[in-house]
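A.B. asks: From TrEMBL, here are the annotated features:
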type: TRANSMEM; residues: B:64-86; note: transmembrane segment
type: TRANSMEM; residues: B:93-111; note: transmembrane segment
type: DOMAIN; residues: B:114-399; note: domain 'NADH:quinone oxidoreductase/Mrp antiporter transmembrane'
type: TRANSMEM; residues: B:117-136; note: transmembrane segment
type: TRANSMEM; residues: B:148-170; note: transmembrane segment
type: TRANSMEM; residues: B:190-209; note: transmembrane segment
type: TRANSMEM; residues: B:230-251; note: transmembrane segment
type: TRANSMEM; residues: B:263-282; note: transmembrane segment
type: TRANSMEM; residues: B:303-323; note: transmembrane segment
type: TRANSMEM; residues: B:364-385; note: transmembrane segment
type: TRANSMEM; residues: B:397-419; note: transmembrane segment
type: TRANSMEM; residues: B:439-458; note: transmembrane segment
Amino acid sequence: MVSFADQLLVLVMLINFIMLGSSRMAFVIRAVAAQGVILGIIPGLLHPFSGHLLAITASILLAKGLVIPYLLNDAVRKAQIRREVEPFIGYVPTLLLGAVFTALAFVFAQRLPLAPEHRDLLFVPASIATLMTGFLILTTRKKAISQVIGYLVLENGIFIFGLLLTEAMPFMVEAGALLDLLVGIFVMGIVINHINREFSTVDTSRLQTLREE
Amino acid sequence: MIHLLVLLPLLGALIAWLIPGNRLRPLMLPTIALPHLGLSLYLIASPTVPVHGGWIWLDPLGKITLLAISSLFAVCAVYAVGYLAYRQERSNRVLCLGLLVCLAAMSLVTLCQHLGLLWVAIETTTVSMAPLIYFNRNARSIEATWKYLLICSVGIALALLGLLFLAYATHVAHQNATLLLPDLLEDASALNRGWLHAAFIFLLVGYGSKLGLAPLHTWKPDAYGEAPGLVGALLAGGLVNCAFLAILRVYQICLASVTELLFFQQVLVVLGLISMAVAAIFMARQHDFKRMLAYSSVEHVGILAVGLGIGKGALFGVLFHLINNGLTKGVLFLSSGNIHRSYGGKTVEVVQGALTRLPWSGGLFLAGFIAITGSPPFSPFISEFSIISSIFVQRQYLVGGLFLLFLAAIFIGMALTVLPMVMGTPRTDLEVTDYRDRMLTVGPPLVMLLVIVWLGVWPPEALLQLLKDGAAMLEVRS
């Protein structure tokens, strides 16, 4: 089952590239939802069946597959954003950067002092690559909604690393973290809506009133 | 009993949400906050034992933080009733809800012995504060909210990664990953150094951005500047203390690991000095007095970091300063909120002669300024002095010299903004506002100021003992 999880992680990394290369908002939101859902089913493959596992899997699928995409789509619809135009760095360069980061993630993961049973798995490189993708989206895109997506991808990257240590994060903590993420995205969605109303745009490079003269 | 600390504010939040009247709703804040303070004092005074398998335990460090948070919140809650009476044009439903949820989360932070749960609680404080910064509903405050939300969320996410690294270190060591503080303290010295190192860096960056340590402080002037004074006080005295407690927990593990302590201490000293330098630079010629207070907060976070990095005798001062800084910031933010209301502006161009126009609020602001820059007889003097003397006792002359230099520069920079504000005569072309100093808006900061004087002149024996107990948890055992 671990090898199947490993193959799913390849898919997760492919989705990273899809997100880096696409400008259509609706598509990127679907991609990040798909990534969240794939990650949501991996704990089910790694661990024996239990009530806790079922509950946490169900809530991850519900949150990342349905609620968060709904909130994001809602923000997109209200602010009437179709696509990300003029990112700070173009799509081809970000894709190339993404590829470089992914390659570096593999090299780096080789050198880490991992536990023997994790050494030949994709978890750690996939985690680092996804994390870096999240950072890349956060820093190179202008639209507020893209930055939220970058944050979600970053969270997904951290989640992959967390898959190696489910014992350390008991059910309550896991659920609390998920709830915080949900509320965070909810608040961000509202803020995006207000940014759009105040500035008639969701371009965060316009948010420059507050600075030292 | 201990659960009530979290459940009581949550219950209050629910009730506040259901109350329909905008005038009646703020009364919910003191109704919850004052019993919360009483309960906190009772729990702090009584001996406590770990419950729930060691997850929840109010240890001395938690007690000190709880004392600082609960007393500040109680004062702010009383003030809120008076303040919100002037802000009847807006619904305060979200404000009351957010404040009480935040109080519950902050209380939970002080109780946690499981670092994962601690992380969840801190993330909750971040999210619950975001709508409050946006209380004024204008372009500037939405910009501040966005920066705060994004920088703090990403920072906290990095802290989670640091926690996972820490847990992975325990997994590599004995296959049984854990984030329970007592377990971590027990086997910290046997853990893989590489993972520990990475964990501490990520935790410091993550919680440091929440704390507002330079160079991760960029959201702070915006958020503090645009939030209502009441929310600013809780950001500077509540959330900062929560994030600092998280740093203290990391410090405890460093201490137990022995090998990592020196590195962590050096990084803390360097980041602390950078924070003080940044504050000194941006404080000079600062026109916006709320932004000035934000840089003062960056400065004091820097002082806390330097003191923690120096260790030994400075630890007592650090823990005392945690309380003093929170309360003094409360005085400053609440009185600055009054001045802002009365003048309808928060720049030095508009605000002049506050002592004439608002004798009470202007006087409190002036006294708060004297206290926060570390003058006797106020208590920040004692805590800052004990940090500085410990720096010199340990012969860290360079650190001590820079520390004093930055303090002096900050004093001058702050005075150049504060003195013209409170002295002089008010301009004649000011817009007329309906704000007048009243019992409910002046009384709470005045009480806080008296507490600061009390702690500075004659600190109670029980508090000193508590601070010593806390400092003992952070000292190197030989």
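Quick reminder: no glycine exception, Cβ is built from N, Cα and C everywhere.
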A.B. asks: Is it true that the transmembrane segment (B:93-111) and the transmembrane segment (B:230-251) have 3 or more Cβ pairs under 8 Å, skipping pairs fewer than 6 apart in sequence?
C.D. replies: yes
A.B. asks: Sort out for me which stretch, of B:117-136, B:230-251, B:364-385, has the most Cβ pairs below 8 angstroms to the transmembrane segment (B:397-419).
C.D. replies: B:364-385
A.B. asks: Which of B:117-136, B:230-251, B:439-458 has the most Cβ pairs closer than 8 Å to the transmembrane segment (B:303-323)?
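C.D. replies: The stretch with the most contacts is B:230-251.
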A.B. asks: What else in the chain is close to the transmembrane segment (B:64-86), if you only count residues 6 or more beyond its ends and a Cβ gap under 8 Å?
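C.D. replies: For the transmembrane segment (B:64-86), the sequence-distant neighbours (Cβ-Cβ under 8 Å, at least 6 residues beyond its ends) are 5, 23, 26-27, 29-30, 32-34, 36-37, 40-41, 43-44, 58, 92, 95-96, 99, 103, 106-107, 109-111, 228-230, 233-234, 237-238, 241-242, 244-245, 319, 322-323, 326-327, 330, 334, 337, 341, 434-435, 438-441, 443-445, 447-448, 451, 463, 466-467, 470.
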A.B. asks: Where else in the chain does the transmembrane segment (B:364-385) make close Cβ contacts, counting only residues six or more beyond its ends and a cut-off under 8 Å?
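C.D. replies: Residues 296, 300, 303, 317-318, 320-321, 323-325, 327-329, 331-332, 334-336, 339, 354-355, 407, 410-411, 414-415, 418, 421-422, 442, 445-446, 449, 452-453, 455-457, 459.
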A.B. asks: Under 8 Å between C-beta atoms and at least six residues away from its ends: which parts of the chain pack against the transmembrane segment (B:117-136)?
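C.D. replies: Beyond its ends, the transmembrane segment (B:117-136) has Cβ neighbours at 55, 90, 94-95, 98-99, 101-102, 105-106, 108-109, 142, 144-145, 148-149, 152-153, 156, 159-160, 163, 207, 210, 223, 226-228, 231, 234-235, 238-239, 242-243, 246, 249.
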